[in-house]
Each structure stands twice: as structure tokens, then as C-alpha cells.
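Copied from TrEMBL, the annotated features are:
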TRANSMEM  6-25  transmembrane segment
TRANSMEM  37-56  transmembrane segment
TRANSMEM  62-82  transmembrane segment
TRANSMEM  199-219  transmembrane segment
TRANSMEM  284-305  transmembrane segment
TRANSMEM  312-332  transmembrane segment
TRANSMEM  378-397  transmembrane segment
TRANSMEM  404-419  transmembrane segment
TRANSMEM  505-525  transmembrane segment
TRANSMEM  537-553  transmembrane segment
TRANSMEM  565-583  transmembrane segment
TRANSMEM  595-615  transmembrane segment
Amino acid sequence: MTIVDVLLSLVVLIPMGAVGVAALWRARLGLDPLEWFAYGVPLGWVTCSLVLLGATTLIGQLSLAVVIAALFLALSVTFALWSSAPVSAPRPSRIGRGDPVVVADAYRSPSADPVLAQMTVVAPRTEATTGGTGALALPFTADLPERSAQQFPAGIRLGERRRRKGLLGQADDLTGSSIGAWAINAVGHVRDHISPLPVIVFGVLLLVWAQFWSNAVWYEPNLSLSTTHFFADWPLHLGDVASMVYGNNFPMQAPRFAGEPYGYHYLATFTAALITRFGVLPGYALAIHSLFGMIFCLLVLYAFARRLLRRTSVAVLGTLLFFLGGSFAWLLTVQKFNATGDLWQTLRYDAWDFGGYDRDGLFAWNQVISYPFLAQRAFLYGIPLFLLILTLLLVGLRRDNQRLFIVAALVTGTLPFANGSVTLALPMILPFLALLFPVRPLGRTPLGWVRAYPINSWLTYGLIALALALPQVYLQQGSGVSGLDIQWAPGWNLRTTTDVGNEPWWWYAVKNFGFLLVLIPLGFLLRNALTSSARRLLLAVMPLFLIAQLITFQPLQGDNAKLVLLWYLAGALVAAATIGELWRRARSAFPKVVLASLTTSLLLTGILIHVELIAQDGRGGIAQSEELVVGERVRNETMSDGLFAVGQWHTNPVLMIGGRSILIGWGLHVWPHGYDATDHEAALREIMRYGPGAEDAIARYGVDYVAITPAEVEDYDANPDAYLVNYPLAISEGQFLIFAVSPEAIAVAQADGVAVPGNTAARPVAPADSTGVGQ
């Protein structure tokens, strides 16, 4: 990976992200500048990716010209949003107790008159001034003590906590420049609100991530990954990107299961495919996008925690508990150290065993950083969208503002292609959220209770979200194939690790969630640990844990861990609030030492995982140099929409490098998506051995090429001699023999000068110019 790859990636990511930032700023939703930026960039990536996905579906290919045009359109929309909006920034959502704030709501006058400012005083939130209803806004027309209203440029908040006075200096010249005014306002907000603590702590974390992702994928001499933790999932991501870019697989069909739509949340992979269209290799595009996606997940969670938990230090701790917090699995590393007696050697070579701890210690709950962000990628979009939806609904409920519900519904409508787990989890969370947030006092009659809730707002939210989401679900699931498999399965998580004997469920919970099981309920009970709004919002997420322990929703039961992840996010914030409140109440050193030890225990698993990420120097190859050549030849010498019959190995270069769809893929890439592989597997075996039904199966499934290696001979009793007699050998590279078997593929082989066996002459052959090759 080079700096050129990073710059080309930013050419795609910056314009797309800027649209989201501008849209959130323009919508004036009660978010602060950090939230505009943290939520806006992923929202822009998701929105632009969805628009481009629709465009490529219509035209049937991922064209570089279309991508470039879309990026220019994104920049145009961004500047249009900046220039057309009122130039004042919204009042900050966090106002210090007892601090009057003067806000200038200035708008550019349509005439030649100077800017007119409407001044508002926001009084302190006290019972005396509000009567218990909140801040009291009073019209204020008197001159300011030091400057008149017209001396201040449009869009600048004045006198915020009395520290912002004089911030602008000679800013009068910026009047009329919405972007300049916003930028100065944002810089002032950063200066006043960003403390060194998150910058230092998160900066260290980001350096570790940058070091890891810069060395995660190598293409020379072989395609290698820096950790075996990637081996199951990343061949799928690489194959998906190759299928989109090199196979023109639009409308998106399952690249590993012929004849069905792709029932997978692949939008993050599609964004990486956009980067690949600019010449970045697929592995590098995935790694760069993962790095920036993780950075924004970190910023999003910190912004969300800061809004709910009020204190910067507690918000930082809550964010760390999510990304670093884990189980008691660190005790297994301590055992290794006790056995060797060499701390350096243990940390350097054996700080963490990805996967092994599940087998050896029944730690089936996968630590947060491992699976959702390193191996799998959908949560790069799922976490920002999930927290943005909760934030918008929270602000909408506080203000009883239906407009915020509508915006939340629009964001919810982007979820099916972005993250299926969040799509599944929201219907379980939102009923509790609705019940816990009446916007008016509860009456003494059933009708009074109904009137206390914003029924119309919730109905509007649901209708809009369904109208946007259902068409996407249909496109994913098609004619009845569904990744849902709802079963009553209490204790499912104990059955996922069969190498270890049975353990009581409570011991499993203690080992996997540790002190969180105590800190979470304590946080809801402690007075002043959480505000009323934060307590109710986080409490609405808690039932997700119980539901996920009792009911499984997908064929692969372990996927329920993705629902547990969302509960864990909320639980980490509650635990941080609990630790912060107990620390505040501590009056001696002893309780603080206990709290520090407890916090270290919660973070140690994640710290060890990051040590392992830094220390890894061994690389596992997933494609040898010969396979890279095969993939390149498949890409350049076969039909872009050609279907291959090849063995079910998940690192197959035909798809992973060449981007060509295959009849049926590796089992773990097939049946968890709800596909019934029985017929496809039988057809593959018949085709490989060239049995009596081989030609019928080739015609029925539309197979264009058959690829045979020694692995197919051993596993499927493949018969390459029969194919040599009956079909042209389109590609021969090392151990790979690839035969053209459909009329279209045979025509392409003939056009390339491949000799056609005599037995093929009786078969109909399509004109050579009727197919596309090497696209």
C-alpha cells in the first residue's frame, strides 16, 4: 500500500462524506459541530453509495465515468447546501447550568440592506425562570454592551459562556460568507469544547489502527493477510469487490450461489469497490476504507457518549470500554506468561490467540474490535447509523418535534443494504424507547396515557422507514430466499464451542462479560450517574441482551452476537457512567484503587488484542502467485458475466481475484444467507465428474466455464480428460485447467485462437462478437 492508494481513496471518500456533513448542518437538527462531522461523513458515504448502487444497477456496470460524475455532483450538492442555508449555526445542545447564553440568529438579507440580527437571550434552566418547563426564550432588542448586532457577521454565536466574546477579532469582513462564518464558529467550538484527554487517548488508538491497516494486506509475491483472523471473511469481501468491479455484477446477484439475488448487507463493500474503480487494488481499498470507517465509528461513539454522559472523561471511558472492553479472556494470556516467565516474549509472540480462546476457554463472546471491525465490515456503517437514529429520536422526543422523526426515518431507510443486524435490532428497541419517553405528563385514564405519547410522530417514522426499507429488502431477498431463521434457542451460545465441556450459563456470562454484569444494573440505580433522558434511552436497549440469549434469528446462530454487540455498546456507556459516579463519590484512596483495578480488568482484553495487532509479523497467504496469475487471466480472457463451476474453496481465485461468479461457494459463505445448497452441490458434483447429467446441469444453471485443479479431482472426482475431449481449454495455467462449455464461452475461446475439439462442432456456437470479454 502506498500514499497514492490513500490519496486516491480520499478522492472518493471526501466528496461523499462532505455531502453528509453539509446536509446535517443545513437541516439544523440540534447537533453540535462534532456531531455534524462524526455522523455526517458516514451518512454521506452511505447515501452516495446507495445512489451510485442504484445508478449502476440501472446501467448494468460500475463505470468509472459514472463514479466521477457522481463525485462532482456530490461536491456541487455540498456547496449548494452551504451557500443556500441560513448562515447562523444552531444553538449548542450543551449549555452550562446557570450560564445565560446570547445567540445571534442572523440571516442574509435578500435586499441590499445590511444583515438584520434577531437577538435572543436564553435564560438559565432554573425552576424560577422556566416554571419547570425548560429554558425561557425572551426577545432582546437592547444594544449589546460592547458591540451592536450589526457589527457581528452573520451566523456567529455571541457571548457564549462569556468566553466567546472577542473570538472573531476583525471578523466583520466575513459577513455574507456562510462557509467562512461556519468555519470560524466551528473553530471556536473546538477551542472551547475539545479537551486534551480524548485527543491523546484516541490519538494513540488511531496510531495503532493506522499501523495495523497499513500492513494488513500484501500482494507481493503472494496475496497475504497479516492475521489469520481475516481468513474466513476477507476472501468474501475481496470476491465481492472483484465481482462488482471486474464482473459487472449488477443488478447484484449472489456471486457464490447461481440464480439468486445477493441477500447480504454489502454496501460498505460497494464503497470499497468505488475506490477500486480508481485503480486501487481491492485489498488496499478495503483496508483503507476500514481504517477511516473505524475512525468515524470512534468519533461517533464519543459524540454520542458525550451527549448522554455529560462529562468528557466519562465519555472517553465509555468509548474505550466499547472498543477495548472485553471478557476475562486476558487470564489465559496471564497463564501463558506464568508458563514461560518471559513477559516480553509473551506480548511479542503470543499476546492473543484469535479463535483459540473460544475453543480453550469457552469465551464465545468475541471482543468488539475482533469480528465487527477487523474481520467483518458492515458495522462500519451500522454503528454510525444506529447512533444517529437514536440521537435524532432522542432530540425529537425532547422537543416533541415530528420533523426529527422524519429525518430519523430517512436514515433508517438506508439500513438494509448497510447493516442487516441494526435493521433487525431496531424493531426490538424502538417499542421500549417509545414507552419510556412520553412527551407530556401521563394522564389518569387510558386516553390520557395515549395522549402523552407522540403517536403521530411514531406512525410517521414507521411508515417512512418501511416505505424506504421494504424495496431494499425485496431486492436482497428476491423470490422468497431469506436469511431469517427464527428459533427458540436458549443457551445457543454455549453450544457454539463444542470442544469444551458443558458449563453453567451463569459462569459463561461471568467469564464473557465480567464486571459489566454488576456495573450496568448499578448504573441505572445510582442517583446522578445518568440523566433521566440517558437512563431511559439506554434502558430501552437493554432487553436486546435477553432477546438475543433466548431467540436466534439467522441460520448461523453465532450471528446473534451482532445483536449482543448493540447491547454491549449501551452497556459500556452505563458502566462508564457508574464508574464515573462512584469515583466522584469516593472520599479516600482505597475505593479509587478498586475502581482503577476494575477498569483495568475491563480494558485489558482489548489492550492485549491491540498488542497482538501491532506485534504480528507472520503473514498467511490466501492466494499464491500462480493463483494471482490465474485470476488476472480469468479477468482478461473470459466473459465478464461468465458463470464458473469450480470447487467450494473460499479462496478460489476465479471469484476472489477474477471477479467471476461461481455456481456455489464455500458453505459458510452460502447457508448463513438462507440459501439451500442441496441442488447446487449435486449439480456441481455431476458437472465435475462429467456424469450423464452434466450437460443438462450446465444448461440448467447457465454455466459458462468449468475450472478443474487437483483439489477438484480429489474432492469431486473431477474428470478433466472428458472435458479435454469435449470442450476447448480456454485457460491453462499451472495446475488450473479452465474449459469453455457454453456456446458463448466457446465462441470467445475460438476468437482467441483456442483449438476446439471435434466433438464440440455439433454444438451451436454463438457469434464471437456477441459477448464481452475482460471487462
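Each residue, glycine too, has its Cβ placed from N, Cα and C.
Contact between the transmembrane segment (378-397) and the transmembrane segment (284-305) is supported by 3 or more Cβ pairs under 8 Å, counting only residues 6 or more apart in sequence. Through the fold, the transmembrane segment (537-553) approaches residues 308, 390, 394, 424-425, 428-430, 432-433, 436-437, 484-493, 520, 524, 530, 559-561, 563-564, 566-567, 569-571, 573-574 of its own chain, all at least 6 residues removed from its boundaries and within a Cβ separation under 8 Å. Looking at which of 284-305, 312-332, 404-419, 505-525 has the most CB pairs under 8 Å to the transmembrane segment (595-615), the answer is the stretch 312-332. Against the transmembrane segment (284-305), stretch 37-56 shows more Cβ pairs under 8 Å than any other of 37-56, 62-82, 404-419.
Counting Cβ pairs closer than 8 Å and at least 6 residues apart in sequence, the transmembrane segment (312-332) and the transmembrane segment (565-583) reach three or more and so form a contact. Among residues of the same chain six or more beyond the transmembrane segment (199-219), those with a C-beta under 8 A of the stretch's C-beta atoms are 1, 225-227, 230, 281, 283-284, 286-288, 290-291, 294-295, 298, 302, 316, 319-320, 323, 610, 613-614, 619, 628.
For the transmembrane segment (404-419), the residues of the chain that approach it from at least six positions outside its boundaries are 27, 29-30, 43, 46-47, 50, 53, 265-268, 270, 378-379, 381-382, 385-386, 388-389, 392-393, 395-396, 426, 454, 457-458, 460-465, 467-469, 472-473, 476, judged by C-beta separation under 8 angstroms. Remote same-chain partners of the transmembrane segment (37-56), defined as residues 6 or more beyond its termini with a Cβ less than 8 Å from a stretch Cβ, comprise 13, 15-25, 31, 62-63, 66-67, 70, 74, 250, 252, 267, 270-271, 274, 293, 296-297, 299-300, 302-303, 380-381, 384-385, 387-388, 391, 411, 414, 417-418.
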